[in-house]
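Visitor: So TrEMBL lists these for the protein:
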TRANSMEM  26-49  transmembrane segment
TRANSMEM  69-90  transmembrane segment
TRANSMEM  99-115  transmembrane segment
TRANSMEM  157-175  transmembrane segment
TRANSMEM  196-218  transmembrane segment
TRANSMEM  238-259  transmembrane segment
TRANSMEM  284-303  transmembrane segment
Amino acid sequence: MTDLKSPRRAELSAIEPARIKTIRPVLFWSSLGAVCIVIAAYVYVAWIVTGNATPVKPGPDPIPAATRWAMTAFQIACPLLALVAIVYVIRKSLRERQLCVEAAIVIGSTIAWWHDPLINWFQPALFYNAGLVNFGNWTQNIPGWLSPDGRLMAEPVLVIGMIYIWMPLAMGSLARWAMGRARHRWPALGPVRTFCAGWLAVYVIEFPLEIFAVRHGLLGYPASVPSLTLWAGRTVQIPLYGPILWSLVLSSSGALMFFRNRDGQIRVEAGVESLRWAGPRVRGLLRVLAVTGFLHAVAIGVYDLPVNLAGFYAGPTQTYPSYLRTQYCGPGTPRHCPDGTRFDDH
């Protein structure tokens, strides 16, 4: 019987299995996500077991009334927004009868909370108000940590911890909406410009939020490049590159939801359909792991690393109040606060 397959079709048939075996982004990203989860689990457990999970006190400087008002507002609003995000992704997952992408983002970003103080790796680039509910932080339990006594810096649970639950999803959804509007208005718009539309929508909200938080004493940026800083040299200084980079991180979850392949999959889970051993539950797990790995890679590469490097070029500032610098640096402590050089114990 004559073989009706052309030589070209036979060649493609021979190549296809090999292609399927080698092109599986889902395995790369999910493996990275698994590594990040192991690191996060180790850090959290070590933080608790070693007794470093203890509250950092605000110190003797009085906290202004306006700051206390802002503290209360944020410690109420952030948990409520986190609850809204959780309820939303649960209901959406039930409707879709699978773990939705939004749920994977919430889970992945919640796990990624451990990376938040990484911008203080060499010296503190970020202070949080110790009057907020906190249990210190886990930096001294991160392998390879360099900045001394990092546990003396506050990491607010009800504000920052909750923000990592709702903000990547909320801002990512805003970015996705803006990308969709831009693509609808200009159908020929390329992926870079489409992403920039989403980033801009996030930035116009993120930057004012940063200004409000800093000027109300909820946080401070002690290590900033003077020529790239708003109100440089004052305790309310804001590095202009900070909101730009952080908006890129938040927009990345929107890009994850917006840019999909022909099968409707998010890019980091591409190739999962070729895994014959992966049932619906395993695929849901791989989606979470892949998204977790992606969010970690973006946050550390786009934000943490550049901000750490910028800290080496920081200029001097006014003395921060004790509720921001805590017992870490400044008057009454063994070290100066950031002045553009790496800290040394004295």
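From the backbone N, Cα and C atoms, a Cβ is placed for every residue, glycine too.
Since this is a predicted model, take the numbers as computed values, not measurements.
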Visitor: Same-chain Cβ contacts of the transmembrane segment (69-90) under 8 Å, 6 or more residues past its ends?
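Guide: Residues 63, 100, 102-103, 106, 129, 131-133, 156, 158-159, 162-163, 165-166, 169-170, 212-213, 216-218 contact the transmembrane segment (69-90) from elsewhere in the chain.
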Visitor: What stretch of 26-49, 157-175, 238-259 shows the most Cβ pairs under 8 Å to the transmembrane segment (196-218)?
Guide: 238-259
Visitor: Determine which residues of the chain contact the transmembrane segment (157-175) at the Cβ level, with the cut-off under 8 Å and only residues 6 or more beyond its ends counted.
Guide: 74-75, 78-79, 81-82, 84-86, 88-89, 102, 105-106, 109-110, 112-113, 116, 128, 132-135, 198-199, 201-202, 205-206, 218, 247, 249-258, 295
Visitor: Which sequence-distant residues neighbour the transmembrane segment (99-115)? Criterion: at least 6 residues beyond either end, Cβ under 8 Å.
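Guide: Cβ under 8 Å, 6 or more out: 33, 36-37, 39-40, 43-44, 85-86, 88-90, 92-93, 138, 160-161, 164-169, 172-173, 253, 256-257, 266, 284, 287-288, 290-292, 294-296, 299-300, 304.
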Visitor: Could you tell me what the rest of the chain brings near the transmembrane segment (284-303), counting residues at least six beyond its ends with Cβ under 8 Å?
Guide: 25-26, 28-37, 98-99, 101, 103-105, 107-109, 111-112, 115, 118-119, 168, 245-246, 248-249, 252-253, 256, 266, 268-269, 272, 275, 278
